[in-house]
Amino acid sequence: MTSCHIAEEPIKKVAIFGGTHGNELTGVFLVKHWLENGAEIQRTGLEVKPFITNPRAVKKCTRYIDCDLNRIFDLENLGKKMSEGLPYEVRRAQEIYHLFGPKDGEDSYDIIFDLHNTTSNMGCTLILEDSRNNFLIQMFHYIKTSLAPLPCYVYLIEHPSLKYATTRSIAKYPVGIEVGPQPQGVLRADILDQMRKMIKHALDFIHHFNEGKEFPPCAIEVYKIIEKVDYPRDENGEIAAVIHPNLQDQDWKPLHPGDPMFLTLDGKTMPLGGDCTVYPVFVNEAAYYEKKEAFAKTTKLTLNAKSIRCSVH
């Protein structure tokens, strides 16, 4: 009996990025370790390259030097004429693009795993950029199943205006890995262990795929971004209320209309309006204060993937 499956090209080149944000230390720590001793990330027939993406920010233990490296991989910035006057991260983005891209180029990387930490209580999170990508849905299903009973959430950032030009987007298959909660500039053993396992399972999936294993149709639950919510502000643009205690650390949990979102200094509660239940993520993320984002609203949906198999076997 022949099954109907999508034949995909074998995966040949994989990069693991750490230090895209220089103060998110789990990825920095793991990538530095793998540069010294990469035995645990090697798989037969696969080139796996660990790489520190923003070395100057890593050295200073800061998110970035001039601008956010994880927001500037768009045609405008990548096409700018190289000069000393360009922001450091724009110059670095062009270097990374030439080393690892362009997408679907002959020598480009098939998969980029970009390792991040969040101060929010998001646990293990995989970030998906394309809801129709059978290969990545299958990979995420494999990682989620392998990590169980530890939860692993999938954040879908596919959106006409809210999707951003990520460092990893230059690969055919971009994968964001986000693990928290962890303060900036800090290493926690539990978070380290979780991120390490996520990479292990992802590389195992690629190895099984390249060996000819067929992955049957599957479905995963994802949380799709619908809107970013700013803090309430006064007439001077200053923050006028903080995340309500009932919402703090409640990433991925349902937030119903009327539930408290913010609390003012004089004790006034500001509830969620509208008539839709949402699922908040990146609640009170430290790095997003400058971006004027208190949290992101998501909606929960199911994505289906067709059966896949490597075309070489």
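Backbone N, Cα and C define each Cβ position, glycine as well.
Where the annotation comes from TrEMBL, it is an automatic prediction and has not been curated.
Residues or ranges marked as domain 'Succinylglutamate desuccinylase/Aspartoacylase catalytic' in TrEMBL: 11-206.
Residues or ranges marked as Zn(2+) binding site by TrEMBL: H21, E24, H116. Under 8 Å, Cβ to Cβ, and six or more positions away along its own chain, E24 (Zn(2+) binding site) finds R63, L115, H116, N117, Q182, Q184.
Taken from TrEMBL, the feature N-acetyl-L-aspartate binding site covers R63, E178, Y288. The number of other CB atoms found within 10 A of the CB of E178 (N-acetyl-L-aspartate binding site), across every protein chain shown, is 24.
Neighbour list (T167 (substrate binding site), Cβ cut-off 8 Å, at least 6 residues apart, same chain): F17, T20, T53, L69, N70, F73, A93, I96, I112, D114. According to TrEMBL, the substrate binding site annotation covers N70, R71, Y164, A165, T166, T167, R168.
Look at TrEMBL and you will find E178 tagged as active site, proton donor/acceptor.
The feature domain 'AstE/AspA barrel-sandwich hybrid' is assigned by TrEMBL to 219-299.
Counting only residues at least six positions away in the same chain, the Cβ atoms of F17, I112, F113, D114, P174, V175, G176 sit under 8 Å from the Cβ of R168 (substrate binding site). Each residue contributes its Cα atom, and for Y288 (N-acetyl-L-aspartate binding site) and A165 (substrate binding site) those atoms are 16 Å apart. Rounded to a whole number, the C-alpha distance linking T166 (substrate binding site) with H21 (Zn(2+) binding site) is 12 angstrom. The Zn(2+) site, placed at the center of the C-beta atoms of H21, E24, H116, has further neighbours from the same chain whose C-beta lies within 8 angstroms: G19, T20, N23, G27, R63, N70, L115, N117, T118, E178, A287. Most other Cβ atoms within 10 A: among the binding-site residues H21, R63, R71, H116, that distinction falls to H21.
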